[in-house]
């Protein structure tokens, strides 16, 4: 699955893509659920887990803590963290992955003390963890920032309170939720993120015996319990994969059937496709993407859920290169997430980055195969789409970054008729 820093995709564009592609489980739902198993006494059987490098890294961290982890099927695993030991935490692995920040809440709640390094992950601008620290401090944590860029959190016992988050932060909401389920009393989290992956984590915790109300809204009410028990659970389908494949379907000459979607998670994505003129038909849990003809320029602003997801602004950026007129894409959530546009410009796109948050794209323009570089996970997937619709051969360097969030994307697209070769 995972490659190395020199992994390349050689893409020969222009092939019509036809057939079925199944959506995998959502990475941003799987990693917090796996982290939350640290709160549970007993075995958790988790289904629809994607085989992704970020998931494997999170599992390695749990193994380093002494958790029993095993794959029991193609996408099913068993995790029993009853015997976990905080003293064996693999700090190097934590530092290498952004979503390892999700360990802070459950480790603090279970062991009452944790020292954790600042996490790594995609290079998409400044993403401080102040909101996480504020939420955990509100619940009763004492926090020290150490000289070696680690944080030590201690508590004599977490206590429910009202936490008003200063921003709609998905992972800070998840950390606060995980810490609060074993706190004494009632916790109210206001301005909570409402993304489907946040609700998915809450549903897992409730299945294990937590008492969380308000999932899918911006106010969560959590009644603390004394323990959580083992359970079985299914990870939700990845709506970011759906949106990525929908863009691909709108730009290629065949018909792509995206299988296993959750329509209730796709409202803003489908609305945006409608405005642009991308054709689709929703048949139960299948999103059918026939060829589209006239594509219209658009304005897009990434926003917290139920707004347009920041993780899809890059795929819609390559879509903008094939739309008639001038599109404006605005991502106020992160600076530095528009670097993929420099690579698209090399391929022939007419784009101007106005500032770290906004880009204008005028189209349609033909794209031509070039040597390009995938800066981050979503940029990498976007450039795969660009290579598939470009004339000639595209060489995408640093392609292994895509393995963090899209399982076997090259193999799955080859099954649709794409010409992609992975070189490690």
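The backbone N, Cα and C atoms fix where each Cβ goes, glycine too.
As annotated by TrEMBL, active site, proton donor applies to 122.
Following the DSSP three-state reduction, the secondary structure of residue 27 (phosphoenolpyruvate binding site) is helix. The 10 Å shell around the Cβ of residue 27 (phosphoenolpyruvate binding site) contains 27 further Cβ atoms across the protein chains shown. Per TrEMBL, the feature phosphoenolpyruvate binding site maps to 27, 28.
The feature UDP-N-acetyl-alpha-D-glucosamine binding site is assigned by TrEMBL to 98, 311, 333.
For 12-413, the entry in TrEMBL reads domain 'Enolpyruvate transferase'.
Residues or ranges marked as 2-(S-cysteinyl)pyruvic acid O-phosphothioketal in TrEMBL: 122.
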* Structure fact -> Confidence over the domain 'Enolpyruvate transferase' (12-413), expressed as mean pLDDT on the 0 to 100 scale, is 94
* To do: Using C-alpha atoms only, work out the spacing between residue 98 (UDP-N-acetyl-alpha-D-glucosamine binding site) and residue 27 (phosphoenolpyruvate binding site) and round it to an integer in Å.
  => 12
* To do: For residue 333 (UDP-N-acetyl-alpha-D-glucosamine binding site), write down the residues of its own chain that are at least 6 apart in sequence and whose Cβ falls under 8 Å from its Cβ; none is a fine answer.
  => 302, 303, 304, 310
